[in-house]
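Annotated domain 'Sphingolipid delta4-desaturase N-terminal' per TrEMBL: 5-43, in sequence order. Taken from TrEMBL, the feature transmembrane segment applies to 43-61, 68-87, 107-124, 187-204, 210-231.
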């Protein structure tokens with residue numbers, strides 16, 4: 001089971017997040033970065049192709065033996081599903097159609113959500129904007145684990161289970177930390193998803209449904225791409241709140257690994273974040289960074305000084321505006 005980690009609470013800080021100040025400094029020194037603040041229309045076609053790829057997979061697995069359904073759900077479906085959640089992340093920042101067509105992005109996010117099997121896109125958008133505005137904000141940022149998660153998942157074995165169950169915790173955490181009234185768009189997202197799931201079941205049966213749901217759960221749990229959940233903000237080095245990853249899996253994840261760059265410039269699509277790093281290299285090259293999400297997962301499990309408590313947390317002051 002391993003030893004209990006020493007940390008018994010979050011790292012409470014009383015300073016603002018660093019991203020706003022760094023953004024101002026970088027734009028003052030490199031105003032050409034403003035030219036990157038525009039939609040990535042290629043994202044539209046990539047998402048459409050991903051949806052078509054999953055529809056093809058739903059058809060192909062319908063008559064396979066169960067062992068092969070499980071195999072392809074993990075080897076292929078999980079990668080597409082996790083990648084699609086990061087496409088939805090891009091869409092939540094209006095990267096597909098731009099800020100002037102915000103509703104087009106919301107409808108497109110509902111479309112991108114379909115092959116995941118569970119309604120996700122609209123609720124994610126609402127909570128993710130809070131994560132950017134109030135990074136680490138107590139009671140607001142639902143990316144921060146609950147006290148129970150920090151207290152209980154404190155040994156290597158329990159941390160391993162926590163990683164496996166990450167989809168479950170990401171789903172219930174908003175209800176525990178910061179529940180919000182359900183909106184009309186969330187109801188539409190739910191109804192569209194239910195209609196799609198029923199259609200897949202009616203057309204191709206239970207194996208296609210299992211492949212779809214299992215791929216989503218497996219892809220967001222114990223999976224190499226899931227290393228980004230921990231790599232982004234868990235404090236492996238004291239005093240450093242956000243970390244970037246510059247490894248090859250960025251090719252499957254819309255460059256979400258460029259996470260310092262993303263928080264500095266959330267209105268720049270993932271496609272252009274490597275260029276941000278290149279232009280403002282003096283700001284990013286010397287920040288702590290990763291080249292392997294698999295190593296991040298291993299270190300998180302095995303390092304007794306790291307746990308779900310290893311996050312910076314802030315007591316917010318003044319008016320808080322949420323989506």
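Cβ atoms are placed via backbone N, Cα and C, with glycine included.
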Cβ-Cβ under 8 Å with the transmembrane segment (187-204): same-chain residues at least 6 beyond its ends: 58-59, 62, 110, 113-114, 117-123, 212
The domain 'Sphingolipid delta4-desaturase N-terminal' (5-43), counted residue by residue under DSSP: helix, strand, coil: 19 helix, 3 strand, 17 coil
Ranked first among 68-87, 107-124, 210-231 for CB pairs under 8 angstroms with the transmembrane segment (43-61): 68-87
